[in-house]
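S.K.: Annotation source TrEMBL lists signal peptide at 1-24. The region 'Disordered' feature in TrEMBL is assigned to 35-65, 281-335, 497-654. For 43-57, 297-320, 583-602, the entry in TrEMBL reads compositional bias 'Basic and acidic residues'. Look at TrEMBL and you will find Cys177-Cys212 tagged as disulfide bond. As annotated by TrEMBL, compositional bias 'Acidic residues' applies to 552-569. Taken from TrEMBL, the feature compositional bias 'Basic residues' applies to 644-654.
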Amino acid sequence: MRKLDHKFPSVALLLVVLLISSKCINNVAGREAEDDDYEDEFDGRTDNTEMNEEKKHNSAPLATDDNGIEITYESPKYDIANFYFIDHFDDTEMSQKLWVKSQAKKDDIAEEIAKYDGIWNWEAPQRIVWKDDVGLVLKSKAKHAAIAARLVKPFTFTENKHLVVQYEVTMQEGQECGGAYIKLLSADPESEDLTMFNDKTPYTIMFGPDKCGNDIKMHFIFRHVNPINGSITEKHCRKPKERLEEPFKDKLPHLYRLVVRPDNTYEISVDHKVINIGSLLTDFTPPVNPPSTIDDPQDKKPDDWDEREKITDPTAKKPDDWDDDAPPQVPDANAAMPDGWLEDEPEMIPDPSATIPEDWDFEMDGEWEAPLVDNPICEKAPGCGTWKAPLISNPNYKGKWRAPLIKNPNYRGKWTPRKIANPDFFEDLNPYKMTPIASVGIELWSMSNNILFDNLIITDDVNVALDYATQTFDVKRKYIEKKSDGCADAKKTDAIQPDDISNADGGNGDKNSNSKKKKSDLEVKAADATETNAENEFPDDESDSKDKDLTESFEIEDGSEDKDGEESDVDAKKIGAIQPNDIRNDGGDGDSSKKKKSDVEAKAAGVIETDVLDDDTDDKDKESTESFEVGQGHKGGEEDTTKPRKRRVRKDES
């Protein structure tokens, strides 16, 4: 019993330590989880219910509408019965099961590049609008890459059915040489095994953009089957009249749509704009139907057949006074040498100041000669050296004599072989009825990587395709264009700008300073920033707002005083004033009135959480200010978090 008494304090102490450690670990883990959620979900809101709802739906609200309200991305809704194929790629697990990567090799090519070893991945675009909007990305360049997926149901070309193919492409790195087209693989035994998908796999239609150098194409190729002998010929659509450079260099998503109708007409559009329309019967090379007659291969031109319309006049003779050798120009016989011309002085003389290089080797380099320079004596004279009379036109010049042409009396016209019936003639009046489609594939060679494919659909209803585009491409491009249009206004705020923030104003700032900041640098500095260094390093800028493009300040409500009994308005400005990236200094001190946006944001992020004003006003509002008032509990420059923060609304916002 005595031994138990001795051990009990140690056991009790151990249990207490374990309980405290467990609680501490849970608290730390909870804080880390909260920090991670804060970094991932932070967008200026404090509504935890909305954040939880977003997490529940696995959303990523990065875009906003015209009213500044966040647009939560949702994968498009659809009825599978309306589609022969559909993949928005957002459900990565399901999409990866659908697509099959090729393991084939190309024929007639070097072994080291024959394999289809290009890398495919499912990921969000580099310029994220929504993180959950995933696409199929070709990651590698200078490699053969192929991937294919089976249709939900085969597509057959019947009399009352349209073929509508629609998909998005984003050239995230631009494109100098390569394609982003797709192939609709034929229902054929050779295309059954998708792991062997290659450039020779039978396809029915190839459609999409292609570029190499200045040669830009919008492919629409269909393979036509000869109804007589079964041979297959590729029919290439004529080029559109409009140039299509932008999709290859602007790095934005673009929507490509092909519509083929049972009346043998087609329509190609880019971003809903029709760029090419025509007929399968008349607008393809070679034409679908061969000519009914051809040249007789056995017919030969007679030896005495004269095709010359005109001949030289055999009776013409060259005049006796015609001089073929007369030059076109001769020296002017009336010209005289100007007075003061120095015939005995050369135009160039050896440089008198030149010396033999120390490393000159006479045996190897030969005799050294000074370089020639202009003769200084000739500078004030009309000229130096041998004088020559200027040239004038030769009045006796006539050129080479040639006999004039006359009509050929033996001319029989241009010879052409006689026509015979084409033994291979056929007339297919409905080329729309192509080989049925069983799969869709992407088979490329590209000199650029990170080509993103998204929202690929095949349907027989144009309205279904348009409705699908409104849920996907249209929303995406509308936000991107809105963001692009408001780029100048965005710089007025303290929001983190894209990586490439440049000082385009050419002000008085340090030209050697780094004007580009990566977001990762901002986050690192924000984590280390403190209230003290913010006060020490932030400029106490109390100049008139007309000297700035924009200022944001935090004001203390009337009656709030610091510990010394003085109003803390100035201190608040030291802490919270955030300067834009490019504040112009119209005559002031460049060091005090210009702050790089990245440094200010980094420090401000560690001091106080600010609301971002979505300023869509015109240039006249550039001098406007935003101010935020802190509750009356603010003392000594420290914020009382128990009081709600008030936001002062500008006149133009009301």
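Don't overthink the numbers, they just go from 1 along the chain as shown.
Here the Cβ of each residue, glycine as well, is placed from N, Cα and C on the backbone.
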S.K.: Residue list, the compositional bias 'Basic and acidic residues' (297-320) vs rest of chain: Cβ under 8 Å, 6 or more residues beyond ends.
M.R.: 401-408, 410-415, 417-418
S.K.: Among Cys177, Cys212, the disulfide-bonded residues in question, whose Cβ has the most other Cβ atoms within 10 Å in this structure?
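M.R.: That would be Cys177, with the most Cβ atoms nearby.
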S.K.: Going by DSSP, how much of the compositional bias 'Basic and acidic residues' (297-320) is helix, how much is strand and how much is coil, in residues?
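M.R.: Across the compositional bias 'Basic and acidic residues' (297-320), DSSP assigns the residues as follows: 0 helix, 3 strand, 21 coil.
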